[in-house]
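Worksheet: the structure to be examined is printed underneath.
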Amino acid sequence: MKHLHRFFSSDASGGIILIIAAALAMLMANMGATSGWYHDFLETPVQLRVGALEINKNMLLWINDALMAVFFLLIGLEVKRELMQGSLASLRQAAFPVIAAIGGMIVPALLYLAFNYSDPVTREGWAIPAATDIAFALGVLALLGSRVPLALKIFLMALAIIDDLGAIIIIALFYTSDLSIVSLGVAAFAIAVLALLNLCGVRRTGVYILVGAVLWTAVLKSGVHATLAGVIVGFFIPLKEKHGRSPAKRLEHVLHPWVAYLILPLFAFANAGVSLQGVTMDGLTSMLPLGIIAGLLIGKPLGISLFCWLALRFKLAHLPQGTTYQQIMAVGILCGIGFTMSIFIASLAFGNIDPELINWAKLGILIGSLLSAVVGYSWLRARLNAPA
């Protein structure tokens, strides 16, 4: 029990469980005895009916649309906390990670487009390498223990949170299907109710969650991706403390283990099971996986390092105290671990086009993320051991 408690207390535990879930999915998807069960599980129909309202989806879509909305709720809470009280609370504090995140989104997307611009279908996946898996990246960073400066960890967290916020905006603007005006109207009404609750000082989290469930259903039916409802709810839950209690912080504390140890591993298990049957060298070296691998492994660190250098060169920001530029470059490589967020965007980009494209995209994401984890860990370990 002592070892188990120590494991779950470690920052690396979430990343390790993610790796195990993804490896298990790959194993089950490629073994004759389990591949059928794995795919049957994902295709299991699950129906929810409340009066005249009916939602009928398979298990995979419930995981991607409903459970991931809880993950995005946590992201919304974290972004709000950082903007109001944390490392993004002032322009001076926020400048360096914000500039780094912008570079870390623009350059990977451009590099992906350099490989795929001529193909109007695969071009739709331009945002795939722009994402960072915060849990995985922090998990790899935690493997280096107390040698990692606290300022470097805070920089990675702030960068990844801004990256997630960018991914949310990208999903809302570029990966939205045909819109239902009626459902959008219901969603707008639900948002107005959330705003009113916040303005009136309502601090019962359950009320926000109840209205959030209505918002999630309306957004799901509207054509906008339902996970965005989670972020919106997170922004409206009160953060200010009263009698020593903050509803937003309390909910964040409650959600964190559920997201880290259940929701994200379940998402990884449901989405990382890529069948290797029929995989050829020609396929692996096609523009789609190559663009993703290049975007994650080269584009991410290049964009972050370049934009950080420009920020320092023109005195727009300063290095976090106790860190070096070489360490920032290593963190840039770790940000190439796209994994869950990249897979999520790939499912939106190609989900209604061709399942085979999703498979090739997932392979590119898995290879690019794994290489980024290994190279980033090795580079940062060498930089931390290097004399100052």
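Backbone N, Cα and C define each Cβ position, glycine as well.
The transmembrane segment annotation in Swiss-Prot covers 14-34, 59-79, 95-115, 125-145, 154-174, 179-199, 219-239, 254-274, 292-312, 328-348, 360-380.
Between the transmembrane segment (95-115) and the transmembrane segment (59-79) there are fewer than 3 Cβ pairs closer than 8 Å, counting only residues 6 or more apart in sequence, so the two stretches are not in contact. The transmembrane segment (360-380) makes no contact with the transmembrane segment (179-199), as judged by fewer than three Cβ pairs under 8 Å among residues 6 or more apart in sequence.
It is 328-348 that, among the stretches 14-34, 59-79, 219-239, 254-274, 328-348, forms the most Cβ pairs under 8 Å with the transmembrane segment (154-174). Scored on C-beta pairs under 8 angstroms, the neighbour of the transmembrane segment (125-145) with the top count among 179-199, 219-239, 328-348 is 328-348. Touching of the transmembrane segment (292-312) and the transmembrane segment (254-274) is ruled out by the presence of fewer than three CB pairs under 8 A, sequence neighbours closer than 6 excluded. A contact between the transmembrane segment (59-79) and the transmembrane segment (254-274) is present, since 3 or more of their C-beta pairs, 6 or more residues apart, lie under 8 Å.
Long-range contacts of the transmembrane segment (14-34) within its own chain (CB-CB distance under 8 A, at least 6 residues past either end) are made by residues 133, 135-140, 142, 260-261, 264-266, 268-277, 339-340, 366.
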